[in-house]
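See below for the structure under consideration.
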Amino acid sequence: MPWLSILMGVSALGALGVAFVKNDKLAKQATLAVSLVVMVLTIVMTVQFSPNGDRFQFAETYDWIPAFGVHYAVAVDGVALVLILLSAILVPIVVLASWHDAEAGKRSVRTYFSLLLVLEAMMIGVFAATDVFLFYVFFEAMLIPMYFMIGSYGGAQRSYAAVKFLLYSLFGGLLMLVAVIALYVIAGKGTFLFPELIGAITDPTTQKWLFLGFFIAFAIKAPLWPFHTWLPDAAAQAPAGAAVLLVGVLDKVGTYGMLRFCLELFPEASKWATPVVIALAVIGIVYGAIVAIGQTDIKRLIAYTSISHFGFIAMGVFAMTQNGAAGSALYMVNHGFATGALFLIAGFLIYRRGSAFISDYGGVQKVAPILAGTFLVAGLSGLSLPGLSPFVSEFMVLLGTYEVYAVPAIIGATGVVLAAIYILWMYQRTMNGPTAESVQGMADLNSRERWVVGPLIALIIVLGFFPKPLLDVINPSVKETIHNVSVTAPASAVAKEGQ
Amino acid sequence: MNAPTIEYLQLAPLLTVFGAAILGVLVEAFAPRYLRRAMHIPITLLSLAGAFALVIVQTVKGVPTKPSAMGAVAVDGPTLFIWGTILVLAFVSLLLLNDEDHFVPAAAAVPGSAEEERALIEGNVHTEVYPLALFAIGGMLLFPASNDLLIMFVALEVMSLPLYLLCGLARRRRLLSQESAMKYFLLGAFSSAFFLYGTALLYGFAGSVDLAKIGTALGTVGGQDALLYTGAALLGVGLLFKIGAAPFQSWKPDVYQGAPTPVTALMASGTLVAAFGALLRVFWIALGNLDWDWSGIMWGVAILTMVAGAILAITQTDIKRMLAYSSIAHAGFLLVGVVAITADPKQNALALSAILFYLAVYGITTIGAFAIVTMVRDAGGEAWHLSRWAGLGKRSPKLAGLFAFFLLAFAGIPLTSGFFGKYAVFQAAVSGGALPLVVVGVVSSAIAAFFYVRVIVLMFFSDPAPDGPSVVLPSWGTASVVGFAALATVVLGVFPQPVLDLAQSAAGSLFVH
């Protein structure tokens, strides 16, 4: 069955349908229904995936633009599969969480939900694309719905944040476009199919230039320090639901692209760039965490924690070890759920009080215990408490990195300590202490909001104890990637670091 | 003396358009005033449609391999593609032009005078615009098909003179319109002089004005380098002026701003296509063997054009001026394809087909954008100032959405036709070894994206002004123009292959000479 096309088709047609529904309530319900259908279909597809079968499954390949060697080629390996699963699970949750978000905006409710479904189709497409050109098309096109979601429905600074987001990403994307063209021309294969392009570029200098074109685009998207400055603005101004998809899924395209495209298409150049990338990643881990401690705005704080987490993910990818890369892939999923929960609960909090400033809160725990409790769990998962899902992946990343680069791993580990500071301090200031006057009488999570938070918390806990099903899917395809880079944990590097 | 052989069938599209134009003049002379418009509309539209049909017939019958009319006009693959494109663009522009009240009631009256007032009350109209437009379109068809420099010069004048006139006929902002006509005429006359001077010098060098013979003379004639280089440079200036390449771009914003918007649409699409066709023919056929000498300069011109267009557009506050600078930037992107010429015919065909495709898709989107500009009105005509567009997305979401879509196509966002146009040209340039130029191209695209996005921000994310402009209910003509442009931009953004195929087969044989 053409699973991936069905998933995209259902979301896209749903988006079209929702755009024409006149009744706002009906539009919301239809969006929720469509996204739930997509989720169920994705789960059914996931069950049929055989982890030890072919690398790429559910493959569909059709000629799209023969003149450019472009195909409509979609298929998933383990990593892409879990990321699609992440997207498909997050979207209905976000729809439910955004139930009243769009009303605060200036534009129509149905447009917002229609954009959400357009975005879902593109998120599935970008992870499923096995044609480099198709990947690029989704990579760029998905900026547009997110741009309108931030710009039309976001906070006070929304238009500034939306433009900054779009221009940063577009600039990175255009650099990548040059690399995409050059890849096609220099490889001379007359095709953009990813499997055929592996190993097509052999000249080291060419590899380095093309690597840079792709890498900078991904580093802006992820975002990696020092390309991160758009994220706090965009995430803070976006409505909570859009922020979840932005940080939880869209940014993952960057790290996914590094793992899939940078490493496999340009292995030599990736190795050449590793010291710099690892250094940037470590700086990002520490910098993001330290800056997060100093934030006064809850959403900006969460955005900075994500910059720290993306440092971990990039570090694991470029460690190029089985543990590191698999840990990173798992981290992408776990971070999506954990940060998603954090953003959404923060969004509920902000919606109640109308302020995003930490100083406007205090003692929420007494008036809204469920809200505070779930916020704590989500926060603790952010600092990688054992038993919650991010712990497993962060541990794997650190382990995988330590195998080859001990010092960066050790410095990176301090990020965990800093995470404890920013999370617990934020919790203390907002939830503990005497109940602030403005918080008096704040309602606890209502049933809709509990349906939003419940599944996320459950996933965080379950995946904390049983990461195995995901790892079983991720491991074989990461192994393939590592094999294509043909890195066998270089003993010399360990020795060098040890000195 | 033998009578010249003329391949009438090959030239039929040209003859149809010119014939209709002359018929239009006769209508002006003999038909009663109240009947004229009713007669012009079918004559104009049918002749364009007929010419298009003749182009298709010619294409199906097989592309001629020899220049026709004693070697004066080359009806080859690229010409037929360009003709088809121009005829479609012209037809669409004329639907726009057909709308009432774009043109002044009495062009000769002093703006604001009692005379003008009277003409307005009497309901006078200048129905001459139809034959004038047809003459311009005929010139546009002949210009890229000319196989010798003198015919090309005649075509240039036939194309330009009616346009100079049309520019001065805007109903509102009369002074600006007259200024634009004057500027266009003066600068255009200068550039024609350059072109003619260049032609004379090249004739002195090669002993012929035939493009192919000039090309051959490059290899055989020695010791006349001064004539050759000066001639080529002057000719180049004349052609680059018409496409609005920097540093000869300064007329574009003024003219685009002042001209009646439908005429701007016709110029921004049709003239650009025609001028690029002519530029390619001259530089690839006549001066192709000289490419080592001109390609360096052309690199510079391309870079300057892209960067100047993108950067100067940022500071514009007039929507039409902004689109003019955007058109300059796009001319720069197209020039990137022009320098992608090499000794390999396959590579040249690739570059040529990329340029042809780009011209077609850019032209259509441009007309759509200008059509929308005509619909956003203030008390004094079109709401030209960008600040007046604030909040349009809330007042008329469909119109603003379409305009945003056209802007995204200009910016080259995937899933719009503009993306594939840009991609095709850049890909041809990379395989032609012009990678640095492509890097400049994408950087300019990023800068250009800024001002396209700025308009979107204004329309969608700003609050509407209390006395904001109103959106007129479009006539069926304007509505179908916008609809057609939007449809083409979407469809070619998702399935560009059919048009790419056409462009490729048109470019496959390159120019005959």
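Every residue number used here counts from 1 along the chain in the order it is shown.
Just so you know, glycine gets a Cβ as well, placed from its N, Cα and C.
Database features (TrEMBL):
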TRANSMEM  A:6-23  transmembrane segment
TRANSMEM  A:30-50  transmembrane segment
DOMAIN    A:59-124  domain 'NADH:ubiquinone oxidoreductase chain 4 N-terminal'
TRANSMEM  A:70-97  transmembrane segment
TRANSMEM  A:109-127  transmembrane segment
DOMAIN    A:129-411  domain 'NADH:quinone oxidoreductase/Mrp antiporter transmembrane'
TRANSMEM  A:133-153  transmembrane segment
TRANSMEM  A:165-187  transmembrane segment
TRANSMEM  A:272-294  transmembrane segment
TRANSMEM  A:301-320  transmembrane segment
TRANSMEM  A:332-351  transmembrane segment
TRANSMEM  A:363-385  transmembrane segment
TRANSMEM  A:405-427  transmembrane segment
TRANSMEM  A:448-466  transmembrane segment
The transmembrane segment (A:109-127) and the transmembrane segment (A:405-427) contact flag, 3+ Cβ pairs under 8 angstroms:
no
On the DSSP side of things, how many residues of the domain 'NADH:ubiquinone oxidoreductase chain 4 N-terminal' (A:59-124) fall into helix, strand and coil, could you say?
43 helix, 14 strand, 9 coil
In the same chain, residues at least 6 away from the ends of the transmembrane segment (A:448-466) whose Cβ sits under 8 Å of its Cβ atoms read 89, 93, 96-97, 99, 333-334, 337-338, 340-341, 344-345, 348, 370-371, 374, 377-378, 381, 386-392
Using a Cβ cut-off of under 8 Å, list the residues of the same chain at least 6 residues beyond the transmembrane segment (A:165-187) that approach it.
68-69, 132-133, 136, 139-140, 143, 146-147, 150, 197, 200-201, 203, 206, 209-210, 212-214, 216-221, 227, 229-230, 233-234, 265
Against which stretches of its own chain does the transmembrane segment (A:332-351) lie, if we need a Cβ under 8 Å and a gap of at least six residues from its ends?
82-83, 85-86, 89-90, 93-94, 97, 100-101, 235, 239-241, 243-244, 247-249, 252, 255-256, 298-299, 302, 305-306, 309, 313, 361, 364, 371, 374-375, 377-379, 381-382, 388-390, 392-393, 430, 445, 449, 452-453, 456-457, 459-460, 463, 470
Within-chain partners of the transmembrane segment (A:30-50) [C-beta distance under 8 Å, separation at least 6 from its ends]
3-4, 6-7, 10-11, 14, 17-18, 21, 57-58, 76, 78, 81, 84-85, 88-89, 91-92, 95-96, 113-114, 116-117, 120, 124, 473
Mind checking which residues reach the transmembrane segment (A:70-97)? Cβ under 8 Å, same chain, six or more beyond either end.
4-5, 7-8, 28, 31-32, 35-36, 38-39, 41-43, 45-46, 49, 51, 55-64, 113, 116-117, 120, 123-125, 127-131, 133-134, 191-194, 240-242, 244-245, 248-249, 252, 256, 259-260, 329-330, 332-333, 336-337, 340, 344, 347-348, 448-449, 451-452, 455-456, 459, 470, 473-478, 480-481
Looking only at the domain 'NADH:ubiquinone oxidoreductase chain 4 N-terminal' (A:59-124), report the model's average pLDDT.
89
